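Shown next, in structure tokens, is the structure this report addresses.
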Amino acid sequence: MDANNFFSLSRIVMVMKREIIENWKTNVYRLIGLYAAFALTLIFAMIKANNEPRWLDNPEWAVEHFCLSRMIAFMIIAGIASFIYAANIMENMKTKEKRISFLMLPATMFEKFIVRFLYVTVGLFVAILLTVSLAEITRLLLLPLFNVPATLHQTVLPKIFSMFIDMICMSGKNSSVIYGSGISNWGLVSACIWTSVIWHHSLFILGGNYWYKKPFLKTLGTLWGIMFLLGFIASIAIGRQDPENTSALLYSGEATWATVKNILTAGVTFFSLFTIFNWWLSYKLFTRSQIIKPKFHLL
């Protein structure tokens, strides 16, 4: 390896192949887990719709309701999986032997970090697409067991994906169902929501680079502790305010769209900057990895 070459695509491919091959059992188990979660939510929905008069009498409504509810269920499953994957970004550093094996690979620390980052982001995305497709095939194979509208006798994945894209872009009629109505510029709202989601994801990546043992539970527990502490402080601060003044501020109607827009812009800026900061800090923690970890580093 050229020590002066900071980034090499060939070395990244080499490390990625090594990660996939050496962790094939873990990958298979996780694929099975994702498939089971997606398949069960589809099958339970079919059981609920079986011989249901309201579904049989309104086939168009049935497919809309089915796709919207399954999209939300898929998002919950994918969200939980993404946080678990992110927290396990450095799962190959849990033991001394694994650390030696990974740190001694002929690649730069940046390349190794990029591989692990892609492994828990792009890798999860591919795994979700694969397992959702297999779950939908399972639903179609089991269709003869259920008496459901004809609109559900075909694949619903394109419609679910279309709803998901509409929701991300805050377009389409389903956006008002999920988010409500009354705000003139949904694009900024969408940006604030999704930068917030990515920021939370970056927190689990940061936790995974600090804790190698049980990183998901430790990161989740730490975040909950911080949230409870901030909530307690906020409740004390609000409790000291004059209730009449607080109510007047909330219901005065002075919170114009311009004010909301400024708040949302500040939110997008905050979440974006701190997401980048969390990624940078995660990388710095990884570059300081040692074969023998300090005793109290893995609390």
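Each Cβ is built from the backbone N, Cα and C atoms, and glycine gets one as well.
Automatic prediction, not curation, is the source of TrEMBL annotations.
Annotation comment: TrEMBL describes 28-48, 68-90, 113-135, 186-207, 219-239, 259-281 as transmembrane segment.
Sequence-distant residue pairs (6 or more apart) of the transmembrane segment (113-135) and the transmembrane segment (28-48) include at least 3 whose Cβ atoms are under 8 Å, placing the two stretches in contact. Counting only same-chain residues 6+ beyond the ends of the transmembrane segment (219-239), those with a CB under 8 A from a CB of the stretch are 83, 87, 203-204, 206-208, 211, 246.
For the transmembrane segment (28-48), the residues of the chain that approach it from at least six positions outside its boundaries are 66, 69-70, 73-74, 77, 81, 127-128, 130-132, 134-136, 138-139, 142-143, 146, 148, 152, judged by C-beta separation under 8 angstroms.
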